[in-house]
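Pulled from Swiss-Prot, these are the features on record:
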type: BINDING; residues: 49, 50, 51, 52, 53, 70, 92, 93, 94, 114, 149, 154; note: GTP binding site
type: BINDING; residues: 54, 65, 67; note: Zn(2+) binding site
type: ACT_SITE; residues: 126; note: active site, proton acceptor
type: ACT_SITE; residues: 128; note: active site, nucleophile
């Protein structure tokens with residue numbers, strides 16, 4: 001295991017009370033969260049979302065991405081189901097960090113798309129490590145999930161890491177004029193499954 005469970009507390013939200021569980025990476029001391037709703041211990045596949053940190057979208061209401069919209073929709077769906085969990089994967093900006101994300105935004109303002117901007121800064125299109133999320137699921141005793149995602153790479157990596165993705169559930173929300181090019185680029189260059197809804 002790459003991380004350990006270190007703390008937990010109730011988290012009241014507009015959608016109901018979640019159990020917030022804090023994890024710490026053993027090698028780096030970086031922290032991550034799980035938000036658990038209801039009983040996730042049965043063997044039935046659990047509704048789940050792996051949500052990568054996005055300060056600008058999640059906390060600052062940015063329209064440049066769909067992250068904040070996805071976070072709210074996922075928590076709402078989990079609460080409506082009365083059972084599920086959201087992993088808050090703290091790898092900001094597809095794991096290039098907040099300051100580099102701002103630099104990437106500046107390049108996008110000059111005409112680069114989200115993938116090209118990462119490359120111009122010396123990064124891959126996506127630097128995230130989803131094997132950490134597989135370990136979080138395992139620590140929580142969750143081995144079979146119904147995953148809220150548009151990203152088939154998440155499905156593949158979690159599956160290879162021993163998590164059964166019984167179903168992929170699209171999470172297509174929040175498109176607007178500010179993020180349309182970003183979403184189109186994720187579909188065209190990163191394989192995200194978005195166009196059934198938008199085209």
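Each residue's number is its place along the chain shown, starting with 1.
Quick reminder: no glycine exception, Cβ is built from N, Cα and C everywhere.
For residue 67 (Zn(2+) binding site), the count of additional Cβ atoms within 10 Å of its Cβ stands at 20 [all protein chains shown]. For the pair the residue listed as 'active site, nucleophile' and residue 94 (GTP binding site), the C-alpha distance works out to 5 angstrom.
The binding-site residues close to residue 126 (active site, proton acceptor), defined as a CA atom within 10 A of its CA, are 94 out of 51, 65, 94.
Residue environment of residue 53 (GTP binding site) contains 21 other Cβ atoms, counted within 10 Å of its Cβ in all protein chains. In sequence order, 70, 74, 77, 78, 84, 85, 86, 87, 147, 148, 149, 171 are the residues near residue 49 (GTP binding site), counting only same-chain partners six or more apart with C-beta under 8 A. Every protein chain considered, the tally of other Cβ atoms within 10 Å of the Cβ of residue 51 (GTP binding site) stands at 23. For the pair residue 92 (GTP binding site) and residue 54 (Zn(2+) binding site), the C-alpha distance works out to 6 angstrom.
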